[in-house]
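Following: one structure in structure tokens, then a few remarks.
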Amino acid sequence: MAFSRIALLCQRFSRQQQQRQLLHRPLTTKLDNTRFLHPNQSKLAQNLIVIFTRQPFSPDDPELLILSPELNTKVVETVLNGFKRWGLAYLFFNWASKQEGYRNDMYAYNAMASILSRARQNASLKALVVDVLNSRCFMSPGAFGFFIRCLGNAGLVDEASSVFDRVREMGLCVPNAYTYNCLLEAISKSNSSSVELVEARLKEMRDCGFHFDKFTLTPVLQVYCNTGKSERALSVFNEILSRGWLDEHISTILVVSFCKWGQVDKAFELIEMLEERDIRLNYKTYCVLIHGFVKESRIDKAFQLFEKMRRMGMNADIALYDVLIGGLCKHKDLEMALSLYLEIKRSGIPPDRGILGKLLCSFSEESELSRITEVIIGDIDKKSVMLLYKSLFEGFIRNDLVHEAYSFIQNLMGNYESDGVSEIVKLLKDHNKAILPDSDSLSIVINCLVKANKVDMAVTLLHDIVQNGLIPGPMMYNNIIEGMCKEGRSEESLKLLGEMKDAGVEPSQFTLNCIYGCLAERCDFVGALDLLKKMRFYGFEPWIKHTTFLVKKLCENGRAVDACKYLDDVAGEGFLGHMVASTAAIDGLIKNEGVDRGLELFRDICANGHCPDVIAYHVLIKALCKACRTMEADILFNEMVSKGLKPTVATYNSMIDGWCKEGEIDRGLSCIVRMYEDEKNPDVITYTSLIHGLCASGRPSEAIFRWNEMKGKDCYPNRITFMALIQGLCKCGWSGEALVYFREMEEKEMEPDSAVYLSLVSSFLSSENINAGFGIFREMVHKGRFPVSVDRNYMLAVNVTSKFVEDLRTSCYLTCLIKDGRIPILAVVSRI
């Protein structure tokens with residue numbers, strides 16, 4: 001028997017001892033988010049949700065720099081489950097994972113896994129698996145089982161099986177029977193499930209001493225069903241049946257599988273057997289089966305099952321009638337479909353738009369359409385006709401027949417020239433039921449024409465609507481104007497705006513801002529200014545995103561001066577300036593015309609009564625510091641503080657970096673004091689600048705002191721910080737100390753670049769410790785870090801190589817490295 005091996009295992013464990021209490025059904029994918037949060041943490045979670053939901057979002061938001069040190073796993077889990085969109089949750093999770101001092105636990109990973117699984121974001125879910133393994137966080141069997149189920153729900157069977165083995169090998173979790181059941185369930189979620197994999201996992205369970213229960217065999221049954229192993233599936237089913245575990249869920253798996261395999265007769269036989277055992281399938285299963293029978297073109301069996309449902313007292317809903325009528329329509333059984341339609345009416349269930357759409361769209365002959373209309377015409381009123389139109393249009397649109405929807409409306413308006421007269425229109429007119437569609441239906445068709453890139457047809461339809469005495473709604477104009485603007489047709493959109501005004505339809509703020517955005521996209525600041533005059537007439541405000549975009553676009557095209565002039569013209573039209581756009585202009589001037597021009601605009605803005613914000617000050621301070629004009633930046637910094645603005649950590653970092661690069665290390669240190677006074681905590685960027693500056697000033701002991709201070713504040717160094725300290729110590733001749741931090745960097749799996757290796761090598765050579773220097777050199781070569789010829793460190797590598805060639809203690813080893821192809825044959829060693 002195909003299933004004899006599994007049956008034997010079941011019997012063996014049944015004899016060993018009495019079966020323990022059955023494990024609960026695996027946890028639902030809905031996370032228990034009742035973990036207690038302190039009020040301050042709850043407020044923190046809400047603030048993070050607000051920041052990440054706010055548009056536009058920036059990971060450099062000053063508020064995030066303030067909130068990040070307070071992160072913990074409970075807060076992260078709460079925030080993740082507070083987002084309605086998976087993308088925001090994933091953005092937040094990645095941001096949180098990178099914050100210094102924070103480390104995810106399995107609850108946080110499970111929260112993210114559940115969100116990604118429900119959203120079917122498999123690529124991100126795969127990345128999360130790698131992150132879980134790299135984190136080496138310990139987990140309970142239950143938590144691990146939940147993670148496995150999330151992978152299974154997303155169809156990531158290979159990943160679920162792989163992570164199961166890896167976690168077990170790494171000693172992060174000891175799986176129990178529940179964990180194995182979750183893995184089996186995950187495997188069963190995939191239609192391409194491997195029978196061999198399932199049976200291998202069952203053997204592992206046996207070797208671990210775990211019992212097989214209903215929740216073990218149910219996914220096994222599902223796998224056999226998924227893979228079309230009908231005989232094995234029947235064997236498992238019989239085993240479950242013999243143990244008294246048969247329930248509605250298990251029965252549903254097999255009967256639905258029979259339906260999927262096209263074995264409708266066997267499915268029907270199984271249903272009758274279940275009835276004999278007093279196991280009733282639920283209403284949903286009956287509906288699924290009827291749908292499957294219809295899909296298999298077994299309308300006869302579908303109606304037999306339908307009759308069985310009615311005898312059991314199950315009343316069909318409109319969705320089930322829809323499936324049956326759809327099947328009848330597919331087989332062109334018009335009379336039976338109409339008979340069922342009349343039954344719906346007799347039962348008091350109003351036919352919905354889907355059924356009307358199927359009846360009207362499935363039959364194309366004039367006689368058939370006349371027959372349908374004869375059945376429904378007596379019951380339809382104006383509202384029903386509108387419903388019919390809407391159903392027809394939805395059917396047209398669903399089938400990408402937007403042109404047919406357009407022709408139908410033209411027929412209703414008496415325009416028959418192109419495609420002839422619609423038979424439905426004739427029938428409606430014969431019974432005085434023909435009326436024009438309402439504004440909503442017309443708007444749907446116009447919107448679909450626009451989406452189908454048939455803007456010209458939409459314009460024609462709009463004009464015909466006006467000629468027939470209908471007043472188009474603002475939505476119709478907005479849709480067409482938006483479509484024109486997406487195609488860059490700003491002139492035509494302005495013309496339609498004039499027609500809109502002539503028709504007595506007031507444009508909305510959306511209407512004008514669509515055109516404004518189009519003009520901004522084309523860098524047409526003259527046209528944009530003319531449109532602003534129209535906005536002022538209607539009392540609308542231009543969207544700052546379009547103004548800012550236009551300014552940025554002009555600056556990107558090297559027209560920063562035009563951008564500034566445009567902002568002046570905007571103010572001249574009576575619109576209040578916005579610092580976001582002004583800051584964009586300042587930034588553009590700095591990049592195009594230099595820092596002085598940006599500073600000049602900044603002063604003009606202040607002179608005109610505007611109050612620059614923190615971002616505007618930061619842009620200038622950062623630019624001045626980069627230009628080695630930190631003294632001027634300091635004046636601006638003090639000016640900002642005097643106005644009550646709080647500098648961000650990023651602004652402090654710019655100042656500290658500027659002072660350090662100019663050799664004013666003590667002034668940089670004074671900025672640290674001001675940060676603490678301002679209740680701002682230095683971050684890793686702050687300390688990196690300080691450490692680099694202290695080493696450059698010949699104060700390596702103070703650099704190490706700051707390093708230890710940073711780690712003591714749970715601010716952990718990153719790769720750049722390590723490299724700054726190592727290279728700085730090397731320049732100060734502290735090669736031994738630099739090597740210690742180099743090894744620590746390697747332990748943290750941070751990869752040094754060639755500059756770090758060469759700094760160490762050069763430092764050891766300077767102290768005449770050629771053996772230590774050559775050891776580091778060999779490491780660099782073996783790890784493939786020898787710089788290529790275009791690398792700025794290439795000549796330094798050539799120089800140190802020359803020194804090793806000249807030394808008898810290292811030249812022979814160097815020859816071997818060259819022969820092995822690990823370093824290029826340099827001109828300096830070509831004689832070897």
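In case you wondered, yes, glycine gets a Cβ from its N, Cα and C as well.
Going by Swiss-Prot, these are the annotated features:
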type	residues	note
REPEAT	140-174	repeat 'PPR 2'
REPEAT	252-281	repeat 'PPR 5'
REPEAT	282-316	repeat 'PPR 6'
REPEAT	317-351	repeat 'PPR 7'
REPEAT	352-383	repeat 'PPR 8'
REPEAT	438-472	repeat 'PPR 10'
REPEAT	473-507	repeat 'PPR 11'
REPEAT	543-577	repeat 'PPR 13'
REPEAT	578-612	repeat 'PPR 14'
REPEAT	613-647	repeat 'PPR 15'
REPEAT	648-682	repeat 'PPR 16'
REPEAT	683-717	repeat 'PPR 17'
TRANSIT	1-27	transit peptide
Distal contacts, the repeat 'PPR 11' (473-507) - CB-CB under 8 A, six or more residues away: 439, 442-443, 446-447, 450-451, 453, 455, 458-459, 462, 465-466, 514-515, 517-519, 521-522, 524, 527, 531, 534, 538
Confidence summary for the repeat 'PPR 17' (683-717), mean pLDDT rounded: 92
Intrachain residues whose Cβ lies under 8 Å of the repeat 'PPR 17' (683-717), provided they are six or more past its termini: 65, 69, 100-101, 649-650, 652-653, 656-657, 659-661, 663, 665, 668-669, 672, 675, 724-725, 727-729, 731-732, 734, 737
Chain residues outside the repeat 'PPR 10' (438-472) and at least six past its termini with a C-beta under 8 angstroms from it: 386, 389-390, 393-394, 397, 400, 402-403, 405-406, 409-410, 413, 415, 479-480, 482-484, 487, 489, 496, 503-505
Tally of residues which DSSP labels helix, strand or coil - the repeat 'PPR 16' (648-682): 26 helix, 0 strand, 9 coil
